[in-house]
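*Asks:* The structure's right below; bear with me while I get my questions together.
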Amino acid sequence: MATWSAPGKVFLFGEHAVVYGKPGIAMAIKPRVSVTVRKVRNPSKINSPYIENCFELTGVTGSVYIHSQLPSSSGLGSSAAVTVATLSAINDEFNLSLEKKDIADIAYQVEKKVQRGRASPTDTFVSTYGGLILIKDNKRRILPPENFNIVIGNTLVSHKTSELVEMVGEFRRTNPLVVDPILNAIEAVTIRSMHNFNNLKVLGRYMDVNHSLLEALGVGHPALTRLVNAARSGGAYGAKMTGAGGGGCMIALCPKRSKSRVAAAIEAADGKAIITTIDTEGARREDDDEREDYIKAGR
Ligand code: PMV
């Protein structure tokens, strides 16, 4: 038996613009998904297409137990984390000698297959390696880690990334003169943010600007506006939607002392708050004791 876990992710800057080759910054976050894989002769039926494809692509069979701290379908990369953790556990349990790079590559193949082509390699990369990641021209690079205090607000409004990406694409096709400057402005905010990682007030201001630019692209939602405003009134340096928009989650960059106040403000505005910070480990093996507890608890 082998248990591995993998983190979720948020976009700090540049979502949607990255689809057009602009830079973006994503960060692995503390909430994780743990997956235990055990070699068994007659495994029971698996009802996750992600896990099913992990076994299919690696050519082995086994039983699986999942425990997730990440809400699904909310833009926090839970499907990527499940896939990365499952592949890592399979790799360990069946001694496949896959390297991190292989895990990230296969995980992306799985996501592409399950999501019928429209998957982002960012989620699987961030979940595999952890840390702060710069995306540019469809390549990903690990940046030095930063200890940002982040509060996530989940609107609990479901959204479909593929539909939102398609919507922005259509807006751009029909209105390039309007949309291209918005994408250029998002690029500028992302680039300037990288020069201001140590100036949280400025960084927060850039988050606010990035949020407005995403709204201008048409991917806002009243519930996101409500949570973003609540977080700002609660003392955040700045706040923005994270990921595809149209629902899903927002993030607030906070002074350490205001984390709880911002989380309470988000909850008072009917959001589900998660206080978090960067995860720098990526996929990691969980120790034996934890694995035993995990199985005993039937999780
Ligand atoms: O909603 P998420 O977390 O899957 O983020 C989507 C980010 C986009 O930039 C909109 C799409 C992408 O592939 O990068």
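The backbone N, Cα and C atoms fix where each Cβ goes, glycine too.
Sequence annotations record features per position, and here TrEMBL assigns domain 'GHMP kinase N-terminal' to 62-131. Feature annotation from TrEMBL assigns ATP binding site to P71, S72, S73, S74, G75, L76, G77, S78, S79, A80, A81. Residues or ranges marked as active site, proton acceptor by TrEMBL: D123. Among the features that TrEMBL reports, domain 'GHMP kinase C-terminal' is placed at 196-268.
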*Asks:* If the criterion is a C-beta within less than 6 angstroms of any ligand 1 atom, which of the binding-site residues P71, G75, S79, A81 pass it? List them in sequence order.
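*Replies:* Passing the 6 Å Cβ check against ligand 1: G75.
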*Asks:* For S79 (ATP binding site), name the DSSP secondary structure in the helix/strand/coil scheme.
*Replies:* helix
*Asks:* Using DSSP, how many residues of the domain 'GHMP kinase C-terminal' (196-268) fall into helix, strand and coil, respectively?
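*Replies:* Counting residues by DSSP class gives 43 helix, 10 strand, 20 coil.
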*Asks:* Which residue counts does DSSP give the domain 'GHMP kinase N-terminal' (62-131) for helix, strand and coil?
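*Replies:* Final tally across the stretch: 40 helix, 6 strand, 24 coil.
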*Asks:* Could you work out which of the binding-site residues (P71, G75, G77) has its C-beta surrounded by the smallest number of other C-beta atoms within 10 A?
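*Replies:* Relative to the other binding-site residues in P71, G75, G77, P71 has the fewest Cβ atoms within 10 Å.
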*Asks:* Of all the binding-site residues given, S73, S79, which residue's CB has the most CB neighbours within 10 A?
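*Replies:* Per the Cβ count within 10 Å, the most buried is S79.
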*Asks:* Determine the mean pLDDT over the domain 'GHMP kinase N-terminal' (62-131), rounding to the nearest whole number.
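*Replies:* Across the domain 'GHMP kinase N-terminal' (62-131), the average pLDDT comes out at 94.
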*Asks:* Using the alpha carbons only, what distance in Å do you get between P71 (ATP binding site) and D123 (active site, proton acceptor) once rounded?
*Replies:* 15
*Asks:* Express the distance between the Cα positions of S79 (ATP binding site) and D123 (active site, proton acceptor) as a whole number of Å.
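*Replies:* A Cα-Cα distance of 9 Å.
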